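As structure tokens, the structure follows; a few thoughts come after it.
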Ligand code: SF4
Ligand code: SF4
């Protein structure tokens, strides 16, 4: 076979002449610290997001925990709202919105989620910050790892491990605090009387945080995250991505500060490698858009600082589009972006409307399965039911019931019911009619809250069936 006609796949598999290279051990990444506008934005996002995570379970709302996912009671408390299993479709709604938001932001500006809001990025920032404070800057960390186990190395590594584990356990504790009242959890922890499940989940989530943010770091983004794999399908030539301007930067090469690149026949890239050193995933953005790029923009800040020192124009690495790099005009507002934005806005408005008009009372009428009807005195026919009322509000409900039917039908006994706050009541109910028409009839039960202000009164209607026999000949 002519070697020139070898299948391309084989050439790729044996790249470098050594198939083992495909499975080469990943070298540890030592990201260099950097300052700049995008770094400050990322730090602000870390404070904001982690601030919400660690603070929310401690906040109170109407005398209870502001955010609590009470799984045993099957109720989710989010600020002033209580969600019941019947409200599960809101979760589906939110997931649809989250998926669409991912499409929208990815089509607009690439992996914004990964760079600024993904828990992996956010917690890795904190673990990295601890590592830097304890072990020093990039060079010192590399020297420390390469050097022998001296007393200083043992002390620094132990201190880092202690802080990492403490922070990871605090994270695990906070996570569990979203599912069980956190103040109780704190006193149980202090008294060493945690339940087995609480201890397990604190340790499990703490360990996951420690492992992912402390050790796996960029490996999660590169090899485990599915989003990294399919995000390319959401990009187009007008998506804003972090790119190196090769036309401006090449040919790269070293030179004196302030030297005129044109006179040296060079591009603006001085090949200082700082953009690679600051990259948390250890890639070189000058090789083009890669699956390992989490769009953290650290390389933009690094290169801008270098450009400032060289007195060159900023933006050799910048947010730009494939079309703009090829000399075209960036089109941010394109049909798919407008479509995503419109659907997202409609879903958000629908959710807000639905939440504000959500009925806090649910009622269900379940027929007695033993008998379709029962004959009473004076030719009356009775049907029996169980009336189930769910009070999703935080106030006690007093409801009065009326029944509507195409013939005279009445409720036997009391027609007023009380339901405790956040409770479900199962009430026996009997409907009676004198000499009703034979057959099956749809009847409506209306429950109206006895409120001082009729505008605030909850009203709920349920349709059920009433059966009557053929009259005796
Ligand atoms: S930081 Fe800028 S100048 Fe330095 S190597 Fe990277 S792209 Fe080139
Ligand atoms: S290439 Fe730049 S934007 Fe991408 S991960 Fe590395 S530093 Fe962040």
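In case you wondered, yes, glycine gets a Cβ from its N, Cα and C as well.
Range annotated as transmembrane segment by TrEMBL, chosen from 66-87, 88-109: 88-109. Annotated by TrEMBL as transmembrane segment, the relevant range among 142-160, 161-179, 180-198 is 161-179. Residues 81, 90, 93-94, 96-97, 100-101, 103-104, 107-108 of the same chain lie 6+ residues outside the transmembrane segment (337-355) yet bring a C-beta within less than 8 angstroms of a C-beta in it. Within the same chain, residues 120, 123-124, 126-127, 164-165, 167-173, 175-176, 179, 224 sit at least 6 positions outside the transmembrane segment (199-216) and bring their C-beta atoms closer than 8 Å to a C-beta of that stretch.
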